[in-house]
Amino acid sequence: MRQVVLASGNAGKLREFAALLAPLGLELLPQTALGVPAAEEPFGTFLENALAKARHASRATGLPALADDSGICVEALGGRPGVWSARWSAMRREEAAAGRRAVAAPGGAGPADTDAANNAQLVADLQGQADRRAHYYCVLVLVRSPDDPQPIVADGSWYGEVLDAPRGAGGFGYDPHFLIPSVGLTAAELDAEAKNRSSHRGRAMRALVERLREGGLTQAGAA
Ligand SMILES: O=c1nc[nH]c2c1ncn2[C@H]1C[C@H](O)[C@@H](COP(=O)(O)OP(=O)(O)OP(=O)(O)O)O1
Ligand SMILES: [Mg+2]
């Protein structure tokens with residue numbers, strides 16, 4: 001296996017993957033460069049959404065595909081935004097309009113909200129809340145074909161706290177509001193290498209590489 005489609009349209013993720021995967025000698029092709037439209041991600045688990053994204057990109061291109069589904073899970077919000085992270089501000093608007101907490105599945109193929117809107121929503125949700133604990137979660141799924149019976153799966157978490165006031169210009173998404181207490185910096189204040197060393201995505205990627213080294217891909221005839 002040399003060419004792999006990256007089943008993501010998120011520029012922040014793509015930058016991080018380029019660094020994380022450089023040592024593997026794989027040629028990574030962002031799905032956007034191949035004209036693959038965003039997949040639906042309607043499920044209530046990160047795993048199911050990642051699998052759907054990987055299959056979608058592999059089916060569209062005929063290539064192996066790697067997908068990432070990730071989000072921020074906040075203790076005081078019962079683990080939300082979670083799988084709704086990319087569409088959190090729209091989700092909360094819909095809930096407010098409906099006057100109740102939504103039970104429906106996450107956002108389908110609708111466009112993600114801007115980071116600024118999602119961050120503002122999260123800060124508003126935590127107004128007056130003393131418990132700031134949160135973690136990022138990332139699951140990666142690699143399929144060799146759209147019908148691969150043995151998807152390779154790895155995950156990772158990164159623990160921190162949500163800050164009201166943003167700090168830092170690196171990273172993407174919720175990073176300016178995500179404080180790592182042990183270093184006293186937000187994820188957006190870390191340089192790219194430092195973020196990859198400790199992030200949910202970095203951990204998941206290293207676990208995935210471990211799986212690949214165990215023989216997953218070379219045995220499967222996709223080389
Ligand atoms: O390291 C991170 N630093 C900050 N924010 C992050 C991170 N990792 C995930 N996140 C947030 C961004 C987005 O609000 C959601 C992912 O949503 P998710 O559906 O997996 O990605 P996406 O829609 O942006 O792109 P795509 O589905 O094409 O990969 O979690
Ligand atoms: Mg998405």
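Cβ from N, Cα, C; glycine included.
For Asp69 (active site, proton acceptor), the count of additional Cβ atoms within 10 Å of its Cβ stands at 27 [all protein chains shown]. According to TrEMBL, the feature active site, proton acceptor maps to Asp69.
The substrate binding site annotation in TrEMBL covers Ser8, Gly9, Asn10, Ala11, Gly12, Lys13, Ser70, Phe172, Gly173, Tyr174, Asp175, Lys195, His200, Arg201. Around Ser70 (substrate binding site), the same-chain residues six or more apart in sequence whose CB sits under 8 Å from its CB are Lys13, Phe46, Ser85, Tyr136, Tyr137, Cys138, Val139, His200, Arg201, listed in sequence order.
In the three-state DSSP assignment, the secondary structure recorded for Asp69 (active site, proton acceptor) is strand. Taken from TrEMBL, the feature Mg(2+) binding site applies to Glu40, Asp69.
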- Rounded Cα-Cα span from Asp69 (active site, proton acceptor) to Ser8 (substrate binding site), Å: 9
- Query: Where does Gly173 (substrate binding site) sit in DSSP terms: helix, strand, or coil?
  - Reply: coil
- Cβ contacts of Asn10 (substrate binding site) (under 8 Å, same chain, 6 or more positions away): Asp68, Ala112, Phe172
